[in-house]
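Enquirer: Quick one: the structure is below, and I'll ask about it shortly.
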Amino acid sequence: MNDQLYTMLRTFGKVRLSEPLSKHTTFKIGGPADYFLVVEDSSKRIDLLKWLDSEAVDYVMLGGGSNMLVRDEGYRGVAIVTKDETYDIKGTTVQTGAGVVTVKLANETVKAGLTGFEWGVGVPGTIGGAVRGNAGAMGREMKDSVKEVEAYIDGDVVRLSNQECGFGYRHSIFKENKGVILRVWLELEKGDAKAGMAQALGVLQFRNKTQPKGFASTGCIFKNVDFESSKTQLLTHFDEQDEKIQQFLRVGKISAGWLVEQAGLKGEKQGKAQVSEVHGNFIVNLGGAAAIDVLTLIEKIKTAVYNTFDIELEEEIQVVG
Ligand SMILES: Cc1cc2nc3c(=O)[nH]c(=O)nc-3n(C[C@H](O)[C@H](O)[C@H](O)COP(=O)(O)OP(=O)(O)OC[C@H]3O[C@@H](n4cnc5c(N)ncnc54)[C@H](O)[C@@H]3O)c2cc1C
């Protein structure tokens, strides 16, 4: 333990040493973080980040831990949870701390009679994590609603417009510049609370039918594949008029889960990790899975899909450690 680091971190929040990150990820996998810091007072965040940067201490932000796989060796730095859970809805504008739970905020927008964020009721994790990864579902994504983002980047607190966030498919500029998202402004539309609730319920019912239940996971492991750039490979195996191919053409993406299924890997096991029987893009923790099991399975899948279709799958999840 570095005594000076420990003492300093304690001035910013509650510190735990060698905290297993398996306790803080939806996958329930991951070795210990040397330092685990919970910052309750969000006004201390900037000073903390500036100090860590000035001391060249490695840190990683933890939201809901629902889009990450932490290696078994854990993380040699500071894992930071910030408890900024305040939000405010005025007219059609929603101002929210990065630590607010996405499901909760989506529910609140529906209750407030706003429309545009109903899909968020099914996405685990926090708004910070959702903006960084440009999370999306049901044909919509964060990019459609984000108006502005306040972030800490390279020692400065800056306010970025939607355009400046560089959103792309499961991508934002924060993945490149390692910025920490602090606050977010969403712009929604006036809707009808009753219709919104029905829509949100539909979202949950759809997810219940299509996603594995009762197992820890970290959602979709791989990004869906751009249709245009991989259609030639796909069409050497399938007829263009095939209903599934037409569906991919319409949305511009080839479902990664479908590719995994076609490559024959649904249900494949490695240790206590398994490719879900329900959804080919989910790996589930059958209980006590190690990160190495998941990483091995990921490599197996990528090899099988490449060998079958000549298509490279790319991870959507963040590997930490
Ligand atoms: C059952 C299940 C279903 C899912 N369904 C979907 C879905 O439909 N659509 C979808 O897009 N995703 C889905 N996911 C993945 C996940 O819920 C989203 O990616 C989510 O937005 C991640 O948020 P988080 O707070 O959990 O991020 P975390 O997993 O905690 O972090 C993810 C990354 O963001 C970084 N990060 C976290 N907070 C901040 C911050 N404030 N500033 C900067 N960086 C930060 C972390 O360091 C990490 O690199 C699903 C996951 C599960 C388990």
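Cβ from N, Cα, C; glycine included.
Unlike curated records, TrEMBL annotations are generated automatically.
Sequence annotations record features per position, and here TrEMBL assigns domain 'FAD-binding PCMH-type' to 28-191. Feature annotation from TrEMBL assigns active site to Arg170, Glu316. What TrEMBL records for Cys220 is active site, proton donor.
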Enquirer: Note down the number of other Cβ atoms within 10 Å of the Cβ of Glu316 (active site), including every protein chain shown.
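Expert: Glu316 (active site): 20 neighbouring Cβ atoms within 10 Å.
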Enquirer: Would you report the average pLDDT that the model assigns to the domain 'FAD-binding PCMH-type' (28-191)?
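Expert: Its mean pLDDT is 96.
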Enquirer: What's the CA-CA gap between Arg170 (active site) and the residue listed as 'active site, proton donor' in angstrom, rounded?
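Expert: Just about 11 Å between their Cα atoms.
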Enquirer: Rounded to a whole angstrom, what is the C-alpha distance between Cys220 (active site, proton donor) and Glu316 (active site)?
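Expert: Distance (Cα to Cα, whole Å): 7 Å.
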